[in-house]
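Below is one structure, written out as structure tokens, with a few remarks after it.
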Amino acid sequence: MQSTIKPVEYDRPVAAGTVCGVGQAWAKVPDAPSAEERAALKERIKALLVREKAVLVAHYYVDAELQELADETGGCVADSLEMARFGRDHDAQTLIVAGVRFMGETAKILSPNKRILMPDLDATCSLDLGCPVDEFSAFCDAHPDRTVVVYANTSAAVKARADWMVTSSIGLEIVADLHARGEKIIWAPDRHLGSYIQKKTGADMLLWQGSCLVHDEFKGIELDLLRAEYPDAKVLVHPESPENVVAQADVVGSTTQLIDAAVKFNATHFIVATDLGILHKMQLAAPGKTFIAAPTAGNSATCKSCAHCPWMAMNGLANLADVLERGHNEIFVDPAIGERARLPIDRMLDFAAAHKKRVQASGDLQRDQQLFANVGAA
């Protein structure tokens with residue numbers, strides 16, 4: 001399997017997480033197969049999934065052909081938490097996780113007795129890399145009076161150090177609840193998402209200074225120029241984006257919430273500030289609508305990610321077939337760490353289930369109002 005080595009720079013917080021430095025990493029991106037190779041690989045993967053009694057769970061950000069395979073074979077295409085939850089509840093004892101390493105770890109934490117395989121164990125995340133557990137633990141130890149809330153995009157060891165784990169779909173509600181109870185918070189690792197939640201809730205939050213390689217590159221000035229070209233377009237923004245991008249959003253939300261907004265908004269054109277991988281699901285969910293990628297670089301500038309995560313791009317048909325054939329690239333989580341990491345995850349799941357019941361009890365109107373609560377307010 002031929003591949004291209006791509007060097008990657010990412011935010012590497014220093015000075016106890018309060019100042020940004022620069023870290024160096026790499027991504028080994030598989031070269032695209034030919035049309036004939038692609039067709040043969042797809043058929044081989046389908047047969048191997050049956051042979052291995054395995055199920056494929058894929059993130060919205062992996063390439064479209066992997067998302068299609070997951071859908072066609074009874075798997076799942078979703079955000080990281082729903083991937084893990086689907087795998088936990090599925091009968092299959094082998095889960096193939098097409099995504100990045102923390103997603104495989106989360107799946108293993110929720111399904112410790114299942115075999116979790118990944119196409120490439122080196123597929124990582126700038127947020128995970130930028131929050132080493134030893135440094136983060138020291139940061140937490142320096143502020144023992146604060147509740148520790150971490151984003152899903154962290155290692156199992158960092159989750160094990162936390163009181164709560166959250167996703168972008170429920171983080172705001174959880175922090176608002178903690179704030180209402182008078183709790184002060186340590187937030188990690190994404191500074192943009194943390195700042196967004198802090199402004200929306202008024203919570204007392206110390207922010208770790210990590211960022212997502214993809215979302216950090218979206219540019220507010222260039223987005224404003226693009227909006228002038230498409231004045232009727234609605235702007236959909238993931239909250240991992242910088243403040244001057246979020247400020248221009250019609251909807252700020254998680255991947256699933258942005259797809260939902262694309263369906264429900266009475267508009268034909270959308271500017272999308274998140275990973276390009278999501279456009280596949282948006283186009284399926286809202287056929288006939290036009291989706292335009294938000295800009296990641298200004299004039300005469302180059303982009304690091306160009307709106308597609310280089311580590312998500314490490315998932316390909318060839319290495320997916322290979323992992324099914326050989327049964328290697330298995331995810332392991334130390335049982336003691338896994339047990340501790342499950343506590344903040346379960347705490348979030350319980351909160352999310354109770355929150356969902358409250359929203360459903362209040363009816364569809366309030367749910368839609370909640371979805372679009374960020375219109376003009378971000």
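Keep in mind that glycine also has a Cβ here, set from the backbone N, Cα and C atoms.
Cross-referencing Cys306, Cys309 against the [4Fe-4S] cluster binding annotation in Swiss-Prot, which names Cys125, Cys212, picks out Cys309. Of the listed candidates (His59, His269, His280), Swiss-Prot assigns His59 to the same iminosuccinate site as Ser80, Tyr151, Ala152, Asn153, Ser168, His238, Pro239, Glu240, Thr255. In sequence order, Ser168, Asp190, His192, Leu193, Ser211, Cys212, Val214, His215, Asp216, Thr274 are the residues near Glu240 (iminosuccinate binding site), counting only same-chain partners six or more apart with C-beta under 8 A. In sequence order, the binding-site residues near Cys125 ([4Fe-4S] cluster binding site) (Cα within 10 Å of its Cα) are Asn153, drawn from His59, Asn153, His238. Taking the C-alpha positions, the distance from Asn153 (iminosuccinate binding site) to Cys309 ([4Fe-4S] cluster binding site) comes to 13 Å. On the backbone, the CA of Tyr151 (iminosuccinate binding site) and the CA of Cys309 ([4Fe-4S] cluster binding site) stand 18 Å apart.
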